[in-house]
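Colleague: Positions annotated as domain 'ABC transporter' by Swiss-Prot: 1-230. Residues annotated as ATP binding site in Swiss-Prot, with sequence analysis given as evidence: Gly31, Pro32, Ser33, Gly34, Cys35, Gly36, Lys37, Thr38. Taken from Swiss-Prot, the feature domain 'Mop' covers 289-359.
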Amino acid sequence: MISARFSGRQGDFTLDAAFDVPGQGVTALFGPSGCGKTTVLRCMAGLTRLPGGHLVVNGVTWQEGRQITPPHRRAVGYVFQEASLFTHLSVRENLVYGLRRARGPLRISEAEVTQLLGIDPLLRRPTATLSGGERQRVAIGRALLSQPELLLMDEPLSALDRISRDEILPYLERLHASLQMPVILVSHDLSEVERLADTLVLMEAGRVRAAGPIAAMQADPNLPLIHRPDLAAVIEGVVIALDPAYGLSTLQVPGGRIVVPGNLGPIGARRRLRVPATDVSLGRHAPTDTTILNALPAVILGAEAAEGYQITVRLALGASGEGASLLARVSRKSFDLLGFQPGEQVVARLKAMALSAPAQTGG
């Protein structure tokens with residue numbers, strides 16, 4: 001468990017943020033620019049000191065009021081927006097620098113880091129010859145090799161162009177699946193958060209609006225996320241079948257099975273799906289003579305008005321609503337004509353080609 005409380009003023013900005021999140025997996029601090037995300041991250045690293053603070057990381061106290069463990073005595077890896085590499089050193093020499101800074105036991109080896117981040121071919125190269133995405137991967141590798149108990153990442157993709165972001169995201173997803181250490185990720189990009197985070201801390205104007213599992217936060221009618229035009233549900237599943245003849249994979253998810261384009265193998269691999277709410281339609285019966293491959297039983301939990309004469313319908317997969325959360329954005333007219341009610345069992349139809357899952361980088 002990570003328990004954090006930080007309060008105080010910095011110039012004209014007042015921070016009063018508190019949250020408790022799991023001591024493993026990826027937690028995203030999400031919110032608009034200037035809401036205090038980076039300030040919280042710097043407090044966790046010990047780089048910013050606010051006397052009204054409290055920080056316990058998996059049973060180890062790093063701050064209790066004015067008793068503050070200095071940064072160099074915290075087992076923290078910090079990845080900045082800009083990859084701050086030593087330009088006079090090679091890639092491998094930058095990584096070795098991280099190893100030399102290690103304070104605790106060996107949690108991850110150089111070989112594991114280079115394999116996870118795909119930087120083996122770069123080891124002999126000068127850092128000046130690297131692309132933006134390659135530089136950031138090396139910076140992450142160096143932070144990991146310092147053997148941290150906590151990895152802090154301050155908008156690690158914000159300085160990259162779209163091509164470089166698309167290059168590095170699959171490697172971050174591999175880290176997410178492989179690392180045991182907790183990661184705190186600062187981001188204002190919801191699509192990035194949906195791909196990487198398990199837990200979401202929603203911040204507004206220096207305060208924490210809410211915190212919890214990302215799927216629950218997306219579907220919470222009391223939070224602003226549910227009103228976003230790019231609303232989507234995040235669903236975790238396990239690959240149970242591959243269909244190479246048609247280029248499809250089948251995932252078992254809580255409450256049903258979903259067919260997805262692409263080879264997401266191997267069998268048994270855990271994958272995360274992003275299901276856009278606008279690509280989910282509802283009916284009372286399973287469709288026939290249709291191109292839609294996914295028709296899953298679901299239960300309506302509730303509905304909220306959305307912009308443009310639309311309705312956002314909150315659902316739970318499964319005949320009894322025992323499965324994963326799902327969201328559908330439908331026209332108000334169709335919703336009223338069909339007379340859907342909370343508690344009613346319906347069939348959720350998902351367009352397979354609209355579903356997206358992480359690209360695989362091998363292994």
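For all residues, glycine too, the Cβ spot is worked out from N, Cα and C.
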Colleague: Rank the binding-site residues Ser33, Thr38 by the number of other Cβ atoms within 10 Å of each Cβ, and give the residue at the low end.
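Modeller: Among the binding-site residues Ser33, Thr38, the lowest count of other Cβ atoms within 10 Å belongs to Ser33.
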Colleague: How many other Cβ atoms sit within 10 Å of the Cβ of Cys35 (ATP binding site)?
Modeller: 23
Colleague: Other residues with Cβ within 8 Å of the Cβ centroid of Gly31, Pro32, Ser33, Gly34, Cys35, Gly36, Lys37, Thr38 at the ATP site?
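Modeller: Apart from Gly31, Pro32, Ser33, Gly34, Cys35, Gly36, Lys37, Thr38, the close residues are His188, Met203.
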Colleague: Ten-angstrom check, please: count other Cβ atoms within 10 Å of the Cβ of Lys37 (ATP binding site), all chains counted.
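Modeller: Excluding its own Cβ, Lys37 (ATP binding site) sees 25 Cβ atoms within 10 Å.
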